[in-house]
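**Student:** Found this in TrEMBL, in case it helps:
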- 104, 105, 137, 222, 223, 224, 225, 280: pyridoxal 5'-phosphate binding site (BINDING)
- 140, 279: N(2)-acetyl-L-ornithine binding site (BINDING)
- 251: N6-(pyridoxal phosphate)lysine (MOD_RES)
Ligand SMILES: *Cc1c(COP(=O)(O)O)cnc(C)c1O
């Protein structure tokens, strides 16, 4: 095998990413090791994906057992792991029907296509508007990126699909004013993830549900990032006291194995009748076997209790660092999806703090240019949270020091 380094990336890969200078080669729980054997505490979770950490024995067992049996049959035939996983999702949520795919964008693509087809077939071609919110993120296909509310992701990709409007988030009056009988769906993230870790208020969530009911529009919850135990309940909608019509998820569902799902009711599922939508790999036996093992764990009350406890620990630790060093403000978010907005002096440079943390042996994320994001494994231990916070404190001390020296 030829030797590969970070420099190889620039030689052979499309430059749409700018990966970190290190290359991880092994993971265990919430620790990672790079090519040089350096160890890192993982507060990033592969962007809210590795919900059970790295190399969890139940995931490894599910994958290797299925790998020796059957990898792929296509949707010309169904398979046992897909049926078992769908049964579990139906038992654990509002949903009565499940569509499997391979990513969050594909889950949303399916949801938006369902909404359009529902509007068209049940009401008429006028009912086609999809409402979403500023700073929303729903994926990178042309349809999903257009529904997303961050213009920087659509620039240069015009012409964009039409029939989409964006509104301010957490503003029920703006939504009420925009609602009319052309709206087929409203889509929202319970906590805007990529958009800066911005939670919906419960009040807003209930107002959105009521407005969708009033105007006969579907409520689509994008739980690609917030789902699968991330916020302390299996899905975040449970905490708002409302039920969506369609829910999409991915990321944590496979714990690191690619899979996405769209969940809905029996009546809405009928809109996607035979032949109307599909995916070669959707419901792949390997992905579904792993996801079933993950779902068993993330629906376990003991694990959800750990999310609440580690969330409180991490939030308290961050707030201490916030008060002591002033690099970032108090944390916000739900469960183990937390964000800390950087201070004025660091505006636009959250990434610099992430880079400094990596050099100190801690993997963090940004959510946009101004927010530090924390999305560790849901089974992260108290000791790993403490160690990560200790490393972050060293980063804060080093980055704050020049300013204090200048003030002295
Ligand atoms: C990550 C994300 C997506 C896109 O998921 P992919 O698997 O990257 O396609 C969609 N919606 C939300 C809320 C996300 O966080």
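Cβ coordinates are placed from backbone N, Cα and C, and glycine is handled just like the others.
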**Student:** List the binding-site residues 105, 223, 279, 280 whose Cβ sits under 6 Å from any atom of ligand 1, in sequence order.
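**Tutor:** Near the molecule: 105.
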**Student:** Look up residue 280 (pyridoxal 5'-phosphate binding site) in the DSSP assignment and report helix, strand or coil.
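**Tutor:** Going by the DSSP assignment, residue 280 (pyridoxal 5'-phosphate binding site) belongs to neither helix nor strand, so it counts as coil.
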**Student:** Rounded to a whole angstrom, what is the C-alpha distance between residue 104 (pyridoxal 5'-phosphate binding site) and residue 140 (N(2)-acetyl-L-ornithine binding site)?
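**Tutor:** Counting only the Cα atoms, the answer is 9 Å.
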**Student:** Do me a favour and check the Cα-Cα span between residue 137 (pyridoxal 5'-phosphate binding site) and the residue listed as 'N6-(pyridoxal phosphate)lysine'; whole Å is fine.
**Tutor:** 13
**Student:** Fill in the CA-CA distance, residue 280 (pyridoxal 5'-phosphate binding site) to the residue listed as 'N6-(pyridoxal phosphate)lysine', as an integer in Å.
**Tutor:** 19
**Student:** What whole-number Å value do you get for the CA-CA distance of residue 224 (pyridoxal 5'-phosphate binding site) and residue 279 (N(2)-acetyl-L-ornithine binding site)?
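**Tutor:** Residue 279 (N(2)-acetyl-L-ornithine binding site) has its Cα 18 Å from the Cα of residue 224 (pyridoxal 5'-phosphate binding site).
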**Student:** If you count other C-beta atoms within 10 angstroms, which of the recorded positions 140, 251 is the most crowded?
**Tutor:** 251
**Student:** Can you tell me whether DSSP puts residue 105 (pyridoxal 5'-phosphate binding site) in helix, strand or coil?
**Tutor:** helix
**Student:** Need the DSSP three-state call for residue 222 (pyridoxal 5'-phosphate binding site) to compare against my parser.
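**Tutor:** SS state of residue 222 (pyridoxal 5'-phosphate binding site) = strand.
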**Student:** Long-range same-chain neighbours of residue 222 (pyridoxal 5'-phosphate binding site), Cβ under 8 Å, sequence gap at least 6?
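**Tutor:** Set apart from residue 222 (pyridoxal 5'-phosphate binding site) by at least 6 residues yet with Cβ under 8 Å, we have 104, 108, 111, 136, 138, 187, 188, 189, 248.
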